[in-house]
């Protein structure tokens with residue numbers, strides 16, 4: 001069993017980003033990410049701060065907009081429109097979840113698809129499904145990078161994605177499909193889940209249920225990618241896989257913490273650089 005070290009790979013990606021940011025800056029394009037936070041959700045604040053810190057460390061300019069929880073939908077849309085029109089901004093990210101009175105989908109559609117570094121805009125989703133180049137959601141994109149770094153073969157393999165969220169499950173399934181895996185997507189209505197997962201060469205579990213994937217659901221030699229981050233009552237962080245028991249059967253597994261998590265912000269930076277490169281092309 002080999003542990004997939006997301007911290008090490010994310011450090012490698014950040015180093016690439018740092019070099020690319022320096023090259024772009026020399027050419028007069030300073031990569032810039034705008035992050036919008038609505039309300040005072042503690043977890044969201046933590047995420048936004050870590051994104052800001054990562055940008056700074058890699059030479060990406062970051063703009064942070066903190067809005068009151070009672071901000072109107074139209075005021076948020078106005079801010080997004082002004083950032084869409086600002087040529088110096090490469091990426092726009094609205095930290096989710098949003099307060100109840102704001103329609104999340106409507107907001108995500110207002111972000112210019114050329115600045116949608118989270119990859120949530122319908123145009124980018126469509127590009128991913130069609131196998132065209134666009135922005136891909138950061139977590140699945142990071143997982144694909146982990147496969148690449150560890151020379152994990154995807155083509156021709158049976159892959160099972162547990163969870164069908166727009167942020168992880170669906171884009172993950174599309175990326176695996178584009179890489180020629182045979183993909184099954186399972187979810188809360190799936191029957192006989194263990195029967196399906198036992199045939200899988202690759203399992204990506206992303207449902208937010210602690211220790212959900214048990215050893216008897218996994219075949220020997222499988223690759224398990226655990227996207228879950230769950231805090232137990234004793235404050236311990238665990239994933240969606242029962243790590244202690246599942247790990248013994250795997251050829252590769254991501255730990256929690258230190259597996260998939262660090263890759264998410266690294267790929268957000270990578271997407272911001274990609275957008276800045278597109279801006280440079282437009283300027284030429």
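Just so it is clear, glycine is given a Cβ too, placed from its N, Cα and C backbone atoms.
Annotated features, as they stand in Swiss-Prot:
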type	residues	note
BINDING	163, 164, 165, 188, 229	NADP(+) binding site
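Where Swiss-Prot records a feature, it is marked here on the structure.
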| residue | record | contacts (Cβ under 8 Å, 6+ apart) |
| --- | --- | --- |
| 163 | NADP(+) binding site | 169, 186, 187, 204, 205, 206, 207, 227 |
| 164 | NADP(+) binding site | 170, 173, 185, 187 |
| 165 | NADP(+) binding site | 206 |
| 188 | NADP(+) binding site | 207 |
| 229 | NADP(+) binding site | 208, 237, 239, 256, 257, 261 |
Tell me, by DSSP, whether residue 229 (NADP(+) binding site) is helix, strand or coil? coil
Please give the greatest C-alpha separation between any two of the NADP(+)-binding residues 163, 164, 165, 188, 229, in angstrom, as a whole number. 18
